[in-house]
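Asker: Below is one structure. I have some questions about it.
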Amino acid sequence: MQQSTLLKPVSCYGIGVHSGKRTQLTIEPAKENTGIIFIRTDISSENNYIEASYLNVSGTLLSTTISNDHKVQISTIEHLMAALWGCEIDNAIIKIDGPEVPIMDGSSKLFVFMIECAGKKLQNAPRKYLKILKDIKVIHKDCELYCTPSNHMTVDLTIDFNSKAIGKQNLSFSNQESFTKNIADARTFGFIKDVHDLQSKGLALGASFENAIAINEEDKILNPNGLRYEDEFVRHKLLDLFGDLYTSGTNVVSSIKGYKTSHALNNELLHKIFCDTTSYKFVTASEL
């Protein structure tokens, strides 16, 4: 398997779900072994770029935020990162003229559409895989996430909310190629009762029925068209997991199991993997 990038640049324009600010975002092709790099074009400085790395994750409250050493940051990168992972884009430059990736419809669907419109170009370098060599677990209260050695990527994810609209949902996933059809269009979600508190903290300022599933105090879905899937909630949590894991810089090959995962837990797992050099190795497809 070879690395890949886009054939040509592609752009979108939208609002940030938390900041409420409108930004333009462009995904551009990049050379082999570049990885995913974000550039804040509204900051005229050589310090305006941020590598999409787990090491640069500086915030995990309701979304994933990355920052560089100069305090330049970009938030809510996970849906775009999931689309890049699902479309098998190894190298890309993301240019954005504001502090937050547009939320679009609350899923990865439109980012996948953009990438498919741009087209994909194979490159003259082998794709790298992060092969897990030993059992690794992270736990926070009743939330847990762990990975075990495997020659294939599989995920078993369970969510459990004290809400009749969501409840307990489980989903197993083992085919990266099915991401764009079965996971990418699952939307983010939230509770109406939390909106006032979140907005008082500068969050959810751009949230609407157009970009999130809204659940009221009576546990009713308020969106006029309802859900896209009966289990859309766990599908979206799986989407978030893939986006966060792609900040490893490559494709994780492991059997992964999670219960009530979060952006913080996802990032903690990567830190725990990389802090022990005997727990992983980078391989090519032929070495899996």
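The backbone N, Cα and C atoms fix where each Cβ goes, and this holds for glycine too.
Checked Swiss-Prot, it gives:
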BINDING   His79, His236, Asp240  Zn(2+) binding site
ACT_SITE  His263  active site, proton donor
Asker: Restricting the comparison to the binding-site residues His79, His236, Asp240, which residue's C-alpha is spatially nearest the C-alpha of His263 (active site, proton donor)?
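Answerer: So, spelling it out, the nearest of the binding-site residues is Asp240.
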Asker: Inside 8 A of the center formed by the CB atoms of His79, His236, Asp240, which other residues of the chain have their CB, for the recorded Zn(2+) site?
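Answerer: Neighbours within 8 Å of the Cβ centroid, excluding His79, His236, Asp240: Glu78, Ala82, Ser107, Ser108, Ala186, Arg187, Thr188, Lys237, Leu238, Leu239, Gly243.
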Asker: With the cut-off set at 10 Å between Cβ atoms, which of these recorded positions ends up with the most neighbours? Options: His79, His236, His263.
Answerer: His79
Asker: Taking the Cβ of Asp240 (Zn(2+) binding site) as the reference point, list residues of the same chain whose Cβ is under 8 angstroms away and which are at least six residues distant in sequence.
Answerer: Glu78, His79, Ala82, Thr261, His263, Asn266
